[in-house]
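Engineer: First the structure, then my questions, so here it is.
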Amino acid sequence: MSTKAIYPGTFDPITNGHIDIVTRAASMFDKVVLAIAASPSKKPMFSLDERIALAEQATAHLVNVEVIGFSDLMANFARAQQANILIRGLRAVADFEYEMQLAHMNRHLMPTLESVFLMPCKEWSFISSSLVKEVARHQGDVSHFLPANVHQALLNKLK
């Protein structure tokens, strides 16, 4: 039986922390869908199409990872993808309460949907897309935290 997992997020933009999580998930499951949420209410810096393209480039070396955009409820998307596993990253204890609420709601909506929590390696445990964008807006060097293609796209966006 093959296992298919979904790693959802806004990925605005995708960071090395996200790449760390999806790489480890790809070694655990037969197929991983990197599901990029449209999230218009978050007013993303990058369009959905841009985020998909950046993520596809950054994960091209992972043969069992597919990047797909979505705008539906996660449980509905998981059902449509015939996936029963959600991958979520936990950076700190502060993330846990919110992630637990999401996991319970997703399980209520789709009882067979299990959430699997992965912690990023220590090097990436403090970064978020929001923090990276904020530092970059103030001319801070964020190249260490992003795949090269994403770093260049961020610099271009901020010109």
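For all residues, glycine too, the Cβ spot is worked out from N, Cα and C.
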Engineer: Out of LYS42, LYS43, LYS122, LYS133, which one does Swiss-Prot list together with THR10, MET74, ARG88 for substrate?
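Structural biologist: My reading of Swiss-Prot gives LYS42 as the candidate in that site.
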Engineer: I need the least crowded one of these binding-site residues (MET74, LEU90, ILE127), counting other C-beta atoms within 10 angstroms of each C-beta.
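Structural biologist: LEU90, out of the binding-site residues MET74, LEU90, ILE127, has the fewest neighbouring Cβ atoms within 10 Å.
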Engineer: State the Cα to Cα distance, in Å, between MET74 (substrate binding site) and GLU99 (ATP binding site), rounded to an integer.
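Structural biologist: MET74 (substrate binding site) and GLU99 (ATP binding site) have their Cα atoms 13 Å apart.
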Engineer: Cα of LEU90 (ATP binding site) to Cα of LYS42 (substrate binding site): how many Å, rounded?
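Structural biologist: Between the alpha carbons of LEU90 (ATP binding site) and LYS42 (substrate binding site) there are 20 Å.
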